[in-house]
């Protein structure tokens with residue numbers, strides 16, 4: 001009899017354990033369902049925030065990555081400061097002091113050749129070894145790579161201008177005309193060297209400032225983009241839609 005009562009008690013305990021396991025299992029499944037029903041994490045919400053020019057990658061990747069992007073974003077402050085300082089020195093020499101490139105090259109060559117010539121002939125008097133002038137040989141591969149990259153960019157630019165001139169997209173045509181007009185006005189204010197230096201300084205300041213304050217800049221950029229779209233829609237409705245345009249020919253396959 002005692003054995004029968006113990007077996008019944010163990011059976012009841014096993015049944016109670018199974019019931020409790022089912023209850024806990026349902027609780028865990030319901031909690032997991034509630035976790036799935038929770039709102040998206042802040043990172044996913046942040047990813048949907050408007051970014052300038054519709055970019056989806058960091059500023060470093062937009063600038064091409066690698067060493068040039070590191071220089072523009074001041075990842076190494078010594079190298080970036082050296083590059084910017086060198087460009088500033090060149091601009092001061094040629095623009096403010098009005099030094100000429102050929103004159104500068106000739107003066108530097110005269111100074112270097114004179115120093116090496118005097119050192120080579122005076123080493124016996126000063127009891128020092130003569131200077132070891134290295135043999136300089138420029139490799140062809142970097143120049144070919146630069147020329148190839150320039151050719152690719154120029155061909156893409158010419159193709160883009162050809163597509164715009166074909167009359168397929170009036171919006172791009174107006175944007176390019178406006179860009180050339182602005183460049184012509186800026187070019188009348190300063191020469192090419194000054195314009196190049198201004199662009200160089202902007203590349204070393206605007207990206208790093210934007211990367212630092214992008215969360216504050218992007219909302220203003222979004223408002224400006226919405227306002228520009230509204231103004232363009234008004235201009236399109238009042239002016240562009242009234243311009244007669246001939247039918248475009250179907251593209252040949």
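Heads up, the Cβ atoms here are built off N, Cα and C, so glycines get one too.
The feature domain 'Reticulon' is assigned by TrEMBL to 68-253.
Annotated region 'Disordered' per TrEMBL: 21-43, in sequence order.
Per TrEMBL, transmembrane segment is recorded for 79-97 (among others).
The transmembrane segment annotation in TrEMBL covers 104-122 (among others). Beyond its flanks by at least six residues, the transmembrane segment (104-122) meets 93, 130-131, 133 of its own chain at Cβ-Cβ distances under 8 Å.
Taken from TrEMBL, the feature transmembrane segment covers 173-203 (among others).
Regional average pLDDT for the domain 'Reticulon' (68-253) in the model is 83.
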